[in-house]
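Trainee: Structure in structure tokens, see below.
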Amino acid sequence: MSGDSIHRRRMALHCPITSLILLLIAMSAHGYNIDLPSYVRFRQSSNSMFGFSIAMHKGRSGFYGNQNNVSLIVGAPKFDTSRYQQGVTEAGGVFKCSLNDDDCKLVPFDSKGNNRNVDKEVVDRKSYQWLGATVATGRDSDLVVACAPRYVFHTMTPSRAFRIDPVGTCFTSHNFEEFYEVSPCRTNNWGYHRQGSCQAGFSAAINGNGSRLFIGAPGSWYWQGQTYSIPPDAKFPFKPPLYQPFGTGGMASSHDVTRPENQVFSTSESASVNDDSYLGYSMVTGDFDGDRSEDVAIGMPRGGNLVGRIVVNRWNMANIFNITGRQIGEYFGYSLATSDVDGDGLDDLLIGAPMYTDPDNVEGKYDVGRVYILLQGGPTEEKRWTTEHIRDGYHSKGRFGLALTTLGDVNGDGYGDFAVGAPYDGPEGRGVVYIFHGSPMGPLAKPSQIIKSEQLVEGAPYPRTFGFALSGGLDMDGNTYPDLAVGAYSSDQVFIFKSRPVAAVNAETSFASNSKLISLDDRSCQLVRDHKKVPCMLLTTCWSYTGRYLPEQLDFDVSWLLDAKKLLNPRMFFLRDEGKNIRNQTIRLNYGQKYCLNETVYLLDKVQDKLTPLEVEARYNLRSSRPLDPMVRHRRSILEPVIDQNREIVLRDAINIQKNCGPDNICEPDLKLKVSTVDKYLFGSPEPLVIEVFISNTNEDAFEAAFYMVTPPDLQFRKLQQLGEKKDTPITCSPPTPENNHTLKCDIGNPLESGKIAHFKISLVPEEKYGSSSSYDFYWEANSTNLEKPGSEYDNKIRQSVGIWVDTDLDIKGTSLPDYQLYKADDYKELENATKEDDIGPQVVHIYEIRNNRPSIIEEAEVFIHLPYETIVGDPLMYLLNQPETGGKIQCDDVAFNEYNLLLDEKLVKKSYLQAQGAIWNSAQVSGQSSSSSSSGGASVHIEKARGEGFVRGVLVSNSTDAGDKLSPKQVEQRRQEDTLEALGDASFVHRDRASQAVQEPQVNQTSFTTYSTSSSSSGSGAPSAQLRGHSTQGHIQMAGPVQHTSSSSSSNYRSWPAQQQQQHQQLLLAGSGGSGLGSPVTFNDKSQFGGRNNNFHTGTLDLGTLNRGNVDNELYRSQGQYQNPSQSLGQSQGQFQANANQGHYQGQNQAQFQARNPGFQGQTSYQGQTQYSGQPGGYQTHHVTYSSGSKPYYGRENEDFYDEDNLQQATPGHWSSSSSSSSSSGTRRLRRSNDKDGATEKPLQIDLNSPCQSARCKSIRCVVTNLGTEDGDAAFVAIRARMVAKTMEKLASNVPLNVSTLAVANVTLLPFIGAPKDAIVKTHEIFYKAEPEPLQVPDVVPLWVVVLAACAGALIFLLLVWLLYKCGFFNRNRPTDHSQERQPLRNGYHGDEHL
């Protein structure tokens, strides 16, 4: 071929490609179906803040097909109304804007001036009230509400002075015919400490049928916030009489006011911890519990300790559940909206957090913003709100999510869509609106359309704060597609964007060949140019379209690109356009009818590349008469349809070239597959898993020969390497993905000719996640598109399993800070008298380090840390100050700390002991730091149910919240005293007191009392029944009633724990104090209390080092009953027995006496406590984990690792059993991880049920380590900060050293691929702390005669000095002769001092 012909062909190729690129630009120029050139703009006077709030209003006749009454309600809160209202300036206005007349008319919601009382005194101020700051409409009603949250009401003091209370007010109207005022906070509850600053109307919402009006008042009660539910048709007096609440005293209505639906409901005041929470900042209505009745979601952006909270209530303000944010200061709940995003018919909740900042960004970005999309769904009530999607903003300071609105189904695909406003986003910070489309799985990952302020008009100035207000979901122009309204209050402009009809196109293109092969020898076509015979094939393309509001016919621009993978050297061309592989055409389709085009394509005479498939690409788009420039405004232009761009608009199909294979043109290859690899692979090894593959063809050519390997999901494909000296067979592979069922496909020749081989090796590496199988199961296959000879396929498939070798070594170490310390007990106080932490004793920090010293990862391990929090007789010993500080991949269960609410040292609380010791390098890795006294918090999105029974998939379900606590009588009396001081004008100390209360945690938030009626016998059996009395709170968070709880147990006595704490079984262990001992576990009852002081923890005895062995001789128990002891006894006293007895039987009422003997000290200290128990010992060996009949005594050995099994029931007659069954999560059985997934009866090893304590009662802290690797950064650390109670140490050992230790027991619970290990892997480590009292200072003794002699000498010297002074006349008094000095007045420089 000549050079000119080659040049012409390349030019012919270049021109169509350019046309194709221009076509693609035209397709994306106007975005999707929110049309920009046809927008409608409304303006008002400058600085009126026109567009601050907007709401689409359907009106009485505004349904699809009749748009005469569909309008847009726009608020302008600084609009000057002095022409309409006498004596009022900038009261604000509300406008009704219509597409029909292109104008906005002022709606006379409030046309009167300031109100006056009977004495003609002005009682309110409407100037600057910001009417129009909030507007809302009913979805299926003609009700409209407009609010003025800065409206001021004046209440009169006894001295006739004005009070200025910004109570706020709202106005309602049905279709703008009559207007009524609703001001729920205009009462006698003046002052910001009550409802004087409530700013009612800061937010408002109307349910779908217009039967309920919701008004938010975020300023009530020190800005805790409040929400009202009001019947909109009721008429209310100007102000309720006396101190009655809103909704009483003269309410007039045409309905029965005794019915609940005609009454006013509101949330009540909460505890001071919820001050400045702003409940009522935003709200939206919807069915959030599936009862087909609309509820209301209320924003509380500063609630939940500043992370934000959404309170979801029913129409009568009964709480359903709450949702808490994740990040402090993100303003979670600033904006709210609902939309059926996944198309399941349920309302999904959209939550805006415009102040969200990514803490991991390194670019200094802040206020990026975030939107949370919570999908309502799930098979059970607990999983209704467990699906969450997050969409983050894109630019710093953009405040993505400041405005939200539903769009309905804007593109006609059956899924709800929504818009997100970012009013400070964009190239110049003028604002951007993002459009998101729904799908069956939730919102699409990326916005379907982005509308920037700079795209709106033909040049500057562009509007600012574009997207500050949004409204959508209604069809404004009558084409059945909902439209979008956007407010830009800084520019006093509002825009309405119309939606274009969407055509859903179904299209396909394919070659007319079932085998997808074309033979070069089949030359059935002839070229016109040179009459050559060429191989050819038929290409068929079909289209059809459907959709709403579409014309009967549509024109489409279509194009084809042949051999798309080889644009520079194409091999396939159109027969009608010889030498061209690109074709453009315009077609006309009829609505709902399928239209097909057939084109004959041919191949070149000589094809060098026979391996690359021949691929065709077909594209289509609607033909448009509109110019491509989107900046030109075409306001009155007809909205042309647009294709659904969520569908595939590029169609593809491919065929392969077939070689000649004999006279029958049928090739029968014979592929042989051989694979070699290891039998066992070490998990965690740095070397990859290598698989060597050898494929040979011993018969005819194999077309599209391929190798398939189904890989386990836990392995990742790394690389493929060809082997052998001759690499004449190219190999290309597509990596395994979930979409192709984790199948690696390698093309090994097209064709793989006879006698050729493919020899290569594949490298695989494990992923970070771990499967549940103990081996890697592989399936290999080699095949081709042409079938082999029957009977020869047996060597084409291989199945093989590669075992997984897991090698781990759990190691635990620890240190004490300090490990030795001198103390002086006189410098400290009793714990009951202490007020701050350093009053009770010296601080000690125990740090544990958990490592893995072998290559395989430990997927999960449990660590139990036992610390002696009190002696066996109940004296506090080691006082826990904080939640454990953790570093690495470890989490610890919450444990009660600082139970006496001592004032903690802030520096010590904030200090990271792990970082100080070099365990971690970044303070962000530290967790567990808390300064509260009895609880810990987090910043994660969770849902709190009004009635719950545990945890659901990481979503907390609780039955009470801080924001709904009812005021106690003491708090009510405090409020009354504050009101008195406020009225007298002296309330400064009230403000300080409230501020201090707001930052303190309450000691006790709720209590649970459990009563049991039991019938028991001497064997300890019984059938107890219990009623758990839940508390009921009144307010905006929870309205719960009593909860019935019934449980049964095989014990006659057991403890019931609070429902929100980890359930643990409490036992009093009477164990030995020496090298071996015997004790029978006994259970007892108690009252459970949540928050504040709580001693409900697992008890037992702990070896206290030298205290146990060197300084304590005995522990005596005096029994009012019988005792038999074949071993040695202590003394001859009847009823006494020694604690280290090997066996014995005891019963009755006991008193415990502790006796200590120390050199140089004579004395006895007694502790008394009463415990009823009865039992008979059996046998138990700690280190071999064996049991014998009866209950569980303990044999202990010094310095030996300890672990125990689960507290299984052993119901032998005459013995105790501590297991129980319960109908809820609250019971006496300790929570544990269950590895018995397949229902096996074998119980896993449990090391936490019976603490290895021997001489003290222990508190057990459970921690879970995950993914413990071998790298330096994989180690896990736990630091426990406590203080030793000096007074208790003095009682135990007043002048000798005292050794106290904590013990950590680690147990591997989960290994990768294996699960729970068959043999227990338990490691222990004990940290010792030695405390020694300071030695007493013995003063030097002075002889008595020296003292007497010194006293006599001093007396003589004193008498001599007196005598000398007397002789000198010191004791004689001489008065002055001149008395003039005494008559001078005492002026001191001031008039009037003469009378002093």
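Note: Cβ is positioned from N, Cα and C throughout, glycine not excepted.
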Trainee: Looking at 377-396, 1377-1396, which stretch does Swiss-Prot describe as region 'Disordered'?
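Mentor: Comparing 377-396, 1377-1396 with Swiss-Prot, region 'Disordered' matches 1377-1396.
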Trainee: Between Asn322 (N-linked glycosylation site) and Asn209 (N-linked glycosylation site), how many Å separate their Cα atoms?
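Mentor: Answer for this pair: 25 Å between alpha carbons.
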Trainee: How many whole Å apart are the CA atoms of Asn783 (N-linked glycosylation site) and Asn598 (N-linked glycosylation site)?
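Mentor: Distance between the two Cα atoms comes out at 33 Å.
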Trainee: Looking only at Asn783, Asn1307, the glycosylation sites on record, which one has the least crowded Cβ, with the fewest other Cβ atoms within 10 Å?
Mentor: Asn783
Trainee: To the nearest whole angstrom, state the Cα distance for the pair Asn598 (N-linked glycosylation site) and Asn584 (N-linked glycosylation site).
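Mentor: Here the two Cα atoms are 14 Å apart.
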Trainee: With every protein chain in view, what's the tally of Cβ atoms within 10 Å of the Cβ of Asn584 (N-linked glycosylation site), excluding that atom itself?
Mentor: 13
Trainee: Across the topological domain 'Extracellular' (32-1341), what is the average pLDDT of the model, as a whole number?
Mentor: 75
Trainee: Write out how many residues of the repeat 'FG-GAP 2' (117-174) are helix, how many strand and how many coil, based on DSSP.
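Mentor: Counts, helix then strand then coil: 0 helix, 24 strand, 34 coil.
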Trainee: Using Asn1307 (N-linked glycosylation site) as the reference point, find which of the glycosylation sites Asn69, Asn209, Asn584, Asn741, Asn1299 has the shortest Cα-to-Cα distance to it.
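Mentor: Answer for the nearest of the glycosylation sites: Asn1299.
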Trainee: Can you tell me the CA-to-CA distance separating Asn833 (N-linked glycosylation site) and Asn69 (N-linked glycosylation site), as a whole number of Å?
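Mentor: Asn69 (N-linked glycosylation site) has its Cα 74 Å from the Cα of Asn833 (N-linked glycosylation site).
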Trainee: Including all protein chains shown, what's the count of other C-beta atoms within 10 A of the C-beta of Asn741 (N-linked glycosylation site)?
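Mentor: Here the count is 10.
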Trainee: If we check Cα distances from Asn209 (N-linked glycosylation site), which of the glycosylation sites Asn69, Asn584, Asn741, Asn1299 wins as closest?
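Mentor: Closest by Cα: Asn69.
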Trainee: Look at the glycosylation sites Asn69, Asn209, Asn322, Asn833 and tell me which residue has the greatest number of other C-beta atoms within 10 angstroms of its C-beta.
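Mentor: Going through Asn69, Asn209, Asn322, Asn833 one by one, the largest Cβ count within 10 Å is at Asn322.
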Trainee: Per DSSP, Asn833 (N-linked glycosylation site) is which: helix, strand or coil?
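Mentor: Assignment for Asn833 (N-linked glycosylation site) reads helix.
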